[in-house]
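Asks: Quick paste from Swiss-Prot:
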ACT_SITE  Lys79  active site, charge relay system
ACT_SITE  Ser154  active site, charge relay system
ACT_SITE  Ser178  active site, acyl-ester intermediate
Amino acid sequence: MTDLHRLSVRELAEGLGQAQFSSRELTQHYLNRIDKIDAQVKSYVTVTHEQALAQADAADALRQAGNAGFLTGVPLAHKDIFCTKGIKTTAGSKMLDNFISPYNATVVEKANAAGLVTLGKLNMDEFAMGSTSESSYFGATCNPWALDRVPGGSSGGSAAAVAADLAPFATGTDTGGSIRQPASFCGLTGLKPTYGRVSRFGMIAYASSLDQGGPMARSAEDCAYLMNVMAGHDAKDSTSVKKDVDDYVANLNATALKGLRIGIPKQYFNVAGLDAEVKARVEESLKKLEEMGAVLVEIDLSMTESYVPTYYLIAPAEASSNLSRYDGVRYGYRCENPVDLMDLYKRSRSEGFGAEVQRRILIGTYALSAGYYDAYYVKAQKVRRLIQQDFLKAFENVDVIAAPSAPTTAYKIGADLTPVEMYLGDIYTLAVNLAGLPAINAPVGLDSNNLPVGLQLIGNYWSESQLLSIVHQYQQDTTFHTQRAAIAEENA
């Protein structure tokens, strides 16, 4: 079959179960596409040809023995922030260019246990710090919809790989929008779960109180299959929550749209910089949900203007602490011929970290310094609590909250944006991480440049099933999630 990459995750799993094709054939099909197309997209940092085929053969043997799970033999790819035993894990940085993890991240372990086949590791902004995937030491990833545009970030490689049909689904991480914004830019469905729902063990840390792993795929149904694999308590992660996990696939039609109250924050649709076409597509999608039975309710989120300054104090502060371990002594990049220990530290970090990572470490170190700790970091944590309370108050009257996922569609690679302009592009996504809430991006149309627009739905704690169900039902009645990027259509 030449069009295996056009099938959904469910169709791939059913095809394997019915012996329409083998996991080896399916895996080889994707590897061939990667070899053919990815030189243009640059979504993969590492392609694991031999290991993938070995995993596929093992999956086929399990099926023949009658011991396979539903997803056994389906391929996926991991963001290069999840540790993979025996495979390079770089976090997109020169600092970890030669790091081979001695263990698997829990997310990778769960994927392996489900019989999923790892195609490789996906490009990302360095240490997940960025919104474009341009800060990667391995070069910028291109948006499959327009190769001169960014795919978003930091999970840009994950989004680009799925959008170009170089993987059926992929893992991502989200610290301030790093699943939802690239999903929006690349026309995908992407879910950021409640903080603590997915294990962070073996996931290289950026900002520990904000980071959360999640799935990226074409549809809510495909995301639900990967969430069933990823979610759950992990004793190795002290922030993982002991709470029963839903069957996200079984619950895809469980949420009634009739009477569902969707909050429309008046502040969100009056943000300076919100593109008129993005606003129009999002409003059209909300009208469609209204036609399907939902009720739109205007709400007030008075803390909106505090999102960006609060996030860009807390996240860099945590990054400053987390990245202090990369000193050129124990592991990571080490400079050549240091004069003394201080020179080793300074040069290893200056040469090993890129400009954006250095910028955030400096901001974070300043915010944590003795004279400014109370004025900046402690105050930001107090405002963070107010942001959380703002959301909880809103959820007393509505079931979910709607917003654009990003104020614009994908911009040009190399666009002359200042760091502040780049940070303001995260206005709609940051608060979800500050509050620890779940949120999902759904593709809802294209702009006049044929670039995807995304709708973000924010849920109350532990409402991942509800979010997936709403988007799934929307996708049963629309075709935006089935539209394919130019490079995927050209190489169908």
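Every residue, even glycine, has its Cβ placed from backbone N, Cα and C.
These figures come from a predicted structure and were not determined experimentally.
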Asks: What is the separation, in Å, between the Cα atoms of Ser178 (active site, acyl-ester intermediate) and Lys79 (active site, charge relay system)?
Replies: 11
Asks: Please list, in sequence order, the residues in the chain of Lys79 (active site, charge relay system) that are at least six apart in sequence and whose C-beta is under 8 Å away from its C-beta.
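Replies: The list for Lys79 (active site, charge relay system) reads Lys121, Leu122, Met124, Ser155, Gly157, Ser158, Ala170, Thr171, Gly172, Thr173, given in order along the sequence.
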Asks: Suppose we draw a 10 Å sphere around the Cβ of Ser154 (active site, charge relay system). How many other Cβ atoms does it contain, all chains included?
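Replies: The answer is 34.
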Asks: Tell me the coarse DSSP state (helix, strand, coil) of Lys79 (active site, charge relay system).
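Replies: The residue in question, Lys79 (active site, charge relay system), is strand (DSSP, three-state).
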Asks: Among all the protein chains here, how many other CB atoms are within 10 A of the CB of the residue listed as 'active site, acyl-ester intermediate'?
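Replies: The residue listed as 'active site, acyl-ester intermediate': 37 neighbouring Cβ atoms within 10 Å.
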